[in-house]
């Protein structure tokens, strides 16, 4: 049954590259076969409940700009929000969604009331998933918005806050499991510090390690088959976050013996904030064996903060999905649009148009990446660049020869290497041919 929020808008369909219909896909064709698999199964698109239905359009200098009928802290409003959200999911045709607990339920007076509200909404979600075929990519807990978390959740100096946060995560994992969620995400929005003057760094890292260990232990205890994911971000809202980037998260996981239990959910905007390219973070996660899922958005490259805009740069998407394909593609992960409308984009159809454009951009990037992979456009030059290591001397350097033996061979054979071109411009031109 329609809520009426989206008026007479019909289900979004693929119309091909020549279409000028803003409410149709031009490049995303769910059933198109790419590298032997349906495009939908490659991309595994998800809608973010928080930016799409909970964000009010505020910024640091101004309040709410969106006028939505569900904007109140009442359970009936939360139910209306669920109706509108699932209507949107059906119109768009993305197969997955994601949520924080605080996105979907009212804020209660205490933990028990929060849990009751969450369970009431999960009852509704179960029915709607059965009716629509929608699936949950991942669930998570909001451990950063409420003032109790102003000094962190897992890293809070108050053990009562740690306990409240842990109990909240337990209920959110339960909800995620019940809804068939394929992952559970932890984003440490306030797991960091503003100043070292009031921060015990060693204690806070140990507490965060303990918290994550409890999550992993509970996952196995209840038989949750999904993947536990950490989402790196360098700062904002804190000055310095402990899950700064992929490399930092991997070091943290190794320190606490969790590198085989936890993977990463990499957001493009967070990679940019950390001073990296998106493909760098994806490539490093793949190399370290912790690649899990992605949050797809972009930042404004001039503003210096997290703007969470829909992707619109096909070359960037091509290089990103090239790394995803090199990793073997998604298993439990997917492409979650952690992107929000601009605060002046007030119309309901703007929400559809933003997602349609993002999905088309990702589809173009995926197809370009697949062609580069099939043609060996980047892999062949890379193999040539490192070919020397496949020879007898290269293999001996990596196993068998000691430092003094290497020095002896260099002198005896008069090894005097000459530099070779890295051919960067050539490779960049190759990428541009595909996009």
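The backbone N, Cα and C atoms fix where each Cβ goes, and this holds for glycine too.
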**Candidates 200, 295, 300, 306, the one Swiss-Prot lists with 231, 267, 338 as binding Mg(2+) 1** = 295
**Item:** Residues satisfying Cβ distance under 8 Å from residue 100 (active site), sequence separation of at least 6
**Value:** 49, 50, 139, 140, 141, 142
**Prompt:** What is the number of other Cβ atoms found within 10 Å of the Cβ of residue 103 (active site)?
**Reply:** 23
**Prompt:** Who sits close to residue 306 (Mg(2+) 2 binding site): which same-chain residues at least 6 apart have their Cβ under 8 Å from its Cβ?
**Reply:** 233, 236, 269, 270, 273, 299
**Prompt:** Roughly how many angstrom lie between the C-alpha atoms of residue 231 (Mg(2+) 1 binding site) and residue 103 (active site)?
**Reply:** 18
**Set of same-chain residues at least 6 away whose C-beta sits under 8 angstroms from residue 267 (Mg(2+) 1 binding site)** = 231, 232, 233, 294, 295, 296, 297, 338
**Message:** Roughly how many Å lie between the Cα atoms of residue 103 (active site) and residue 308 (Mg(2+) 2 binding site), rounded to a whole value?
**Reply:** 17
